[in-house]
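Some features that TrEMBL has for this protein:
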TRANSMEM  61-81  transmembrane segment
TRANSMEM  93-114  transmembrane segment
TRANSMEM  134-155  transmembrane segment
TRANSMEM  167-187  transmembrane segment
TRANSMEM  207-231  transmembrane segment
TRANSMEM  243-265  transmembrane segment
TRANSMEM  285-305  transmembrane segment
Amino acid sequence: PDAHWSHSQSPSILESENSLDLLDIMGNLSYDDSNMTSLDYDAAPCHNQYCPLFQRVAPTFLAVTCAAATLGTGALLMALAKRPHAWGWPQSRALVAQLAVGTGLFAALLPPVAVGIRQGWWLGTGLCRLTYLLWYWSLFTQGLLVGSSSCSTVWCRWDRRSRRLAVAVWVGALLLATPAALASGTVAAPETSCIRRSVDILSPAYLLHLALCLCLFLLLPVVLLAATLVMPQLRVGWEAGVGASWLFFGLWVPYGVGLAVDFLLHTQLLQPTCGTFEHFDYVLGLSEGLGVLHCCLGPAALLAARLC
């Protein structure tokens, strides 16, 4: 299973399969009350109720998000087609079209994930890994596109240089997403489930995946923000509305922080308490849910920044 808590000191945390983040449970990790871990903490048992709540709420959330993302992405593509000259640096037509494809790919994965949560993952290990490969391919692509648009005018026109960069971004993002596929897999708990981490937390595949996620969600926005503050010429992009595309980073930064804390807890570099056990899954799940909203809020922000 994806998470096992162990602690040699008080509170005694025996085992838990409930300390799972949103993506872990998006593959339909299901638990009933008999599987809830009870921790003896000063004679007051600790109960993690996150998984049953998530199973009730997540399918509806994903369905609504997918519908909103489809409408928003469709409207964005229509605006690109009908008003091609309304787009200029930094939100150029070439950049926005690629961001729309990225959000569309991400949104297309939400229906099978929602069905997997509701009915159990019956698509097999191969499609489980493919889902996570495409999921993170979309995220890395969008992050690299937003980052490149923040410090370069290469997307001003669709020429040989920008086409080469586009190929490099999409191919590079696919390679960066590969560790996510290698670390994911299916488990039976008690139904067949597709989870983000089916390997040990210290396995090379997961460590590489975690490092890449932290670079995308935390390090890249910090470096770009610092460069923008130091180099006045980059602030022109902010004045022209590049902040709308930076919504991607704003929505995913909390999840990056959550991933870092999750790793520290699982490796016992931070000692979990009863309160941590009961509440951290909610924090991590909500932070990833916030990130998922980028596929519907991103197109809307780009439309509002350029056309309003």
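Here, residue 1 is simply the first one shown, and the rest follow in order.
Cβ coordinates are placed from backbone N, Cα and C, and glycine is handled just like the others.
Between the transmembrane segment (243-265) and the listed ranges 61-81, 134-155, 207-231, 285-305, the one holding the most Cβ pairs under 8 Å is 285-305. Comparing 61-81, 93-114, 134-155 for CB pairs under 8 angstroms to the transmembrane segment (285-305), the maximum falls on 61-81.
Sequence-remote contacts of a segment are chain residues at least 6 beyond its ends whose Cβ falls under 8 Å from one of its Cβ atoms, and for the transmembrane segment (93-114) they are 26-27, 58-59, 62-63, 65-66, 69-70, 72-73, 76-77, 80, 84, 87, 123, 131, 134-135, 137-139, 141-142, 145-146, 149, 155, 157-158, 162, 166, 169-170, 245, 292, 294-296, 298-299, 302, 306.
With a cut-off of 8 Å between Cβ atoms, the residues of this chain six or more beyond the transmembrane segment (61-81) that come close are 26, 87, 93, 96-97, 100, 103-104, 106-107, 110-111, 113-114, 117, 289, 292-293, 295-300, 302-303, 306-307.
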